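**Student:** In case it helps, Swiss-Prot gives these features for our protein:
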DISULFID  Cys64-Cys138  disulfide bond
DISULFID  Cys81-Cys136  disulfide bond
DISULFID  Cys164-Cys188  disulfide bond
DISULFID  Cys202-Cys281  disulfide bond
DISULFID  Cys222-Cys279  disulfide bond
DOMAIN    24-157  domain '6-Cys 1'
DOMAIN    160-299  domain '6-Cys 2'
CARBOHYD  Asn24  N-linked glycosylation site
CARBOHYD  Asn29  N-linked glycosylation site
CARBOHYD  Asn93  N-linked glycosylation site
CARBOHYD  Asn112  N-linked glycosylation site
CARBOHYD  Asn185  N-linked glycosylation site
CARBOHYD  Asn295  N-linked glycosylation site
CARBOHYD  Asn306  N-linked glycosylation site
CARBOHYD  Asn383  N-linked glycosylation site
CARBOHYD  Asn396  N-linked glycosylation site
CARBOHYD  Asn400  N-linked glycosylation site
CARBOHYD  Asn416  N-linked glycosylation site
REGION    359-385  region 'Disordered'
SIGNAL    1-23  signal peptide
Amino acid sequence: MMKRRRIFMYYCFCFLLKYVAFSNVTNPNTTLGHFEICKINIYSGDAEECVLENEFGKMFLFICDIDYNEMSKNIVLPSECAKKTYIDHVNPNGTSPEVNTYDIFPDLIGANESKFRDKFYFYGTPYSSKDIDFICLCFSEVKPDIKHIIKMSFKKMTKKIKGCDFGDNVPTKKDLTNGKALYENSSCHIYAYPGDVIGINCYKKDINNIYNNNLELSPNNCFHNVYYENDILLSSKNLIPNSRVIPDPSNDVKLSKMHSYMSYIILPDEINENVKISCSCKRNEYVGTMFLYVNTSKNILTYTGNNVEETAHLNDHYISIGDMWDMGLYENPEQIQSIISNHANKKYYEHMKIYKGNKMDPSDEDESNENAHNGNRANKDANYSEKMVDNRRQKNNSLNHTNYHGNYNENDNEINISTHDKYYEDHHLGSNRPLRKKRTFWQNLFGTSSSYYEVFNYFSIAFILIIHMLLW
């Protein structure tokens with residue numbers, strides 16, 4: 001009996017030695033303004049690990065702390081971190097396969113522009129299509145066996161960001177709600193409210209794609225500067241106080257070409273004035289314009305669908321809420337409702353068109369009143385108009401559905417298979433390559449850190465003590 005107890009205790013000791021003595025030490029994070037900072041001491045005798053969870057609006061700073069008096073070098077793997085990284089590894093090493101970060105996850109904005117290669121900057125992203133971890137290693141040349149881990153962890157999101165993507169991107173590479181392609185002039189209308197995040201993108205997220213030749217974002221630092229009333233260039237800080245734009249206007253992160261054509265604005269929780277602003281994407285002779293209607297609160301203009309331009313049906317015609325905004329009616333919901341309730345009166349709509357063009361004619365009002373009381377004809381026209389409205393609605397819904405899916409057809413989808421899609425398919429069932437490593441039970445239970453054994457160790461020790469007391 002005693003011999004079995006000793007054998008049991010020996011195996012328990014070896015088990016604990018493996019997972020306690022050799023697990024990584026997770027370093028704490030420090031918050032400073034919009035920065036989330038984690039520092040690693042590469043001269044430490046224990047393998048250290050920094051894990052930062054994605055949070056949009058944050059800038060993540062990893063520091064591989066170097067004692068410059070030692071005159072020793074630090075080594076970073078992959079050597080082009082953050083352009084290349086390891087993904088979804090528990091404990092990667094120098095022989096682990098590298099991936100091109102932006103092929104797999106094009107919305108990640110990160111760089112290492114430090115002369116001594118000891119600082120790494122990343123922006124938190126507003127959208128992630130999957131659960132994924134990006135990892136780099138840093139260590140001292142005098143202690144090459146102790147490799148420290150820096151990790152960015154992303155959780156899958158189901159809700160995309162309000163905004164306009166003019167990059168003709170497939171759904172897997174599109175994080176904005178509205179998709180347009182710059183093969184013709186187009187416009188995109190977004191209605192925003194306090195606390196919303198809004199985005200614009202001009203870039204087709206495929207490396208070296210000819211679509212990206214001769215691209216221009218106007219203004220080139222949208223949303224830092226925006227067009228007010230279509231042609232007046234103003235600072236968003238003055239138009240929408242307390243708003244914040246990502247990427248920030250600083251030299252902290254040197255943007256790649258791809259990330260120079262995308263921008264996000266975070267609206268404050270309180271907005272005092274309704275404002276209409278715009279930015280545009282240009283490709284050769286084609287222009288795609290994004291109109292952003294920022295409201296102080298949700299009212300009759302509130303949109304509950306898929307962020308394409310709302311319309312109120314007037315007989316067999318349509319009047320857009322963008323037009324209502326231009327008329328100055330956004331502050332008068334009663335007048336808007338009056339317009340909608342009179343939709344069977346075609347002359348009333350024509351009257352509003354004249355009003356919009358500042359060409360008011362009193363005779364139009366008299367004609368509209370006369371026709372509105374013309375019984376049988378009005379009823380016949382109303383019935384006919386209802387049919388036209390239904391047909392127009394079906395047509396618009398079909399167009400909206402097409403726009404939402406990025407204006408690409410089945411053949412285009414077969415041809416433009418993205419690097420991300422190839423990677424995703426190659427690591428799943430039906431491929432001869434090994435499956436990509438998934439999150440383990442312990443990672444889901446205790447977090448994404450490679451040191452998830454740390455909590456498991458406590459349970460193990462408690463379990464062994466209980467067994468020991470029972471057997472003793």
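Using the three backbone atoms N, Cα and C, a Cβ is placed for every residue, glycine included.
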**Student:** Work out how many Å separate Cys164 (disulfide bond) and Cys202 (disulfide bond) at their Cα atoms, rounded off.
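**Tutor:** The separation of the Cα atoms works out to 9 Å.
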**Student:** Taking only the Cα atoms, work out how far Cys202 (disulfide bond) lies from Cys222 (disulfide bond), in Å, as a whole number.
**Tutor:** 11
**Student:** Looking only at the domain '6-Cys 1' (24-157), how are its residues distributed among DSSP helix, strand and coil?
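**Tutor:** Per-class counts: 7 helix, 59 strand, 68 coil.
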**Student:** Between Asn24 (N-linked glycosylation site) and Asn93 (N-linked glycosylation site), how far is it from one CA atom to the other, in Å?
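**Tutor:** Cα-Cα, rounded: 13 Å.
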**Student:** Just give me the nearest neighbour of Asn185 (N-linked glycosylation site) among the recorded positions Cys64, Cys81, Cys222, Cys281, Asn295, Cα to Cα.
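**Tutor:** Sorting the recorded positions by distance from Asn185 (N-linked glycosylation site), the top entry is Cys281.
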**Student:** To see if you understand the setup: which same-chain residues, six or more apart in sequence, place their Cβ under 8 Å from that of Cys281 (disulfide bond)?
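**Tutor:** The list for Cys281 (disulfide bond) reads Phe166, Leu182, Ile200, Asn201, Cys202, Leu215, Glu216, Leu217, Ser218, Tyr261, Val287, Gly288, Met290, given in order along the sequence.
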**Student:** To which of the glycosylation sites Asn29, Asn185, Asn295 does the lowest count of other Cβ atoms within 10 Å belong?
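**Tutor:** Each of the glycosylation sites Asn29, Asn185, Asn295 was scored; lowest Cβ tally within 10 Å is Asn185.
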**Student:** Can you give the mean pLDDT for the domain '6-Cys 1' (24-157), rounded to a whole number?
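**Tutor:** Reported value for the domain '6-Cys 1' (24-157) is a mean pLDDT of 79.
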**Student:** Between the Cα atoms of Cys138 (disulfide bond) and Cys222 (disulfide bond), find the distance and write it as a whole number of Å.
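**Tutor:** Cα-Cα, rounded: 35 Å.
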**Student:** Give the residue counts of the domain '6-Cys 2' (160-299) per reduced DSSP state, in the order helix, strand, coil.
**Tutor:** 14 helix, 61 strand, 65 coil
**Student:** Sort out the sequence-distant neighbours of Asn93 (N-linked glycosylation site) for me: same chain, 6+ apart, CB within less than 8 Å of its CB, listed by position.
**Tutor:** Leu137, Lys147
**Student:** For Cys202 (disulfide bond), list the number of other Cβ atoms lying within 10 Å of its Cβ atom.
**Tutor:** 27
**Student:** For Cys136 (disulfide bond), identify the closest of the recorded positions Asn29, Cys64, Cys279, judging by Cα separation.
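**Tutor:** Closest by Cα distance to Cys136 (disulfide bond) among the recorded positions Asn29, Cys64, Cys279: Cys64.
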**Student:** Which has the fewest other Cβ atoms within 10 Å: Cys136, Cys222, the disulfide-bonded residues listed?
**Tutor:** Cys222
